[in-house]
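J.: Under the heading domain 'G-protein coupled receptors family 1 profile', TrEMBL lists 38-289. Summarising the annotation, TrEMBL assigns transmembrane segment to 20-45, 57-84, 90-117, 138-161, 193-218, 239-262, 268-291.
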Amino acid sequence: NSSDLSPSFVLASIPGLEAAQGWVAVPLCSAYALAVAGNCAVLLVVRAEPSLHAPMYFFLCMLAAIDLALATATVPRILCFYWFGSREISFAACLLQMFLIHTLSAIESTVLLAMAVDRYVAICHPLRHAAILTNGATAKIGLLAMARGVLFFLPLPLLLLPLPFCGSRVLSHSFCLHQDVMNLACANTTPSVVYGLTAILLVMGLDAVLICLSYILILKAVLRLAAWRERLKVFSTCIAHICVVLAFYVPLIGLSVVHRFGKDLAPLVHIIMGNIYILVPAVVNPIIYGVRTKQIQRRIL
């Protein structure tokens, strides 16, 4: 129980199912395989189909790459724990995993905002869409999203580095999150709390507000159209993006609520919410765009 310079943490196991962890990991592995197959298919289809070489689908490729990276940063380590009993994770590996999870989530949030802006320009200013969202502008937005995520969330592991960990080392999830690791420190964590909350609000919170604002403006433009059929046709181009936004933000908000108010909840709730947050967007996003985009359907078939 004594503090040391390079502590290790213990990943959370599912209570009461320790003896059947190998079987519990099967659906998790299946979901990961589906996420890898679906996102790789999206990347290959967009690359091979010239009609999809447009900003919206380049953003979709960014989304697929981020989901692949996020799932790969967490699920293989979880499977090692479930199948081989490797519960301990080193302090350095935990900080790296934590940094990747938060940074990739921030990048995904920025890309979702860029996709919302793309829909706004395409519907409200269709004649200027090609001039505003060029391939060069799309690439710059991708680089900006990456830089924004790194700059905002790099301080999180740096703030945890000097903290002593002298009590329990058991995490609430099967992977490392900033709030989870921070709560195990036996020192003043106010700077980490304040900075973590500020980063979340300035990235995910601000993006969510701007996405909502984009859709308010889109709805106003759609309601100006005379025919209901025309309104539905125009707004249907946003359905896939709305579903992807919900698949990202609903698990994120749910996980935040569990961390903030769910201290008395069963450990199983924390583990399930964490796995949903990691895997649901990666699994669901390719399915949504595969169903909604005929070119992707044809190419996959």
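Glycine is treated like the rest: Cβ placed from N, Cα and C.
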J.: Let me spell it out: take the transmembrane segment (268-291), skip the flanking residues so only those 6+ beyond its ends count, and list any with a Cβ under 8 Å from a Cβ in it.
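T.: Distal contacts: 12, 14-15, 28, 31-32, 34-35, 38-39, 41-42, 60, 63-64, 67-68, 70-71, 74-75, 78, 101, 108, 172-175, 177, 240, 243-244, 247-248, 251-252, 254-255, 258, 262, 297, 300.
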J.: Are there residues at least six beyond either end of the transmembrane segment (57-84) with Cβ under 8 Å to its Cβ atoms? List them, or say none.
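T.: Contacts of the transmembrane segment (57-84) (Cβ under 8 Å, skipping residues fewer than 6 from its ends): 11, 13, 21-22, 24-25, 28-29, 32, 35-36, 39-40, 42-43, 46-47, 97, 100-101, 104-105, 107-108, 111-112, 114-115, 118, 135, 138-139, 141-142, 145, 174-175, 244, 275, 278-279, 281-282, 285-286, 289.
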J.: On the 0 to 100 scale, where does the mean pLDDT of the domain 'G-protein coupled receptors family 1 profile' (38-289) fall?
T.: 90
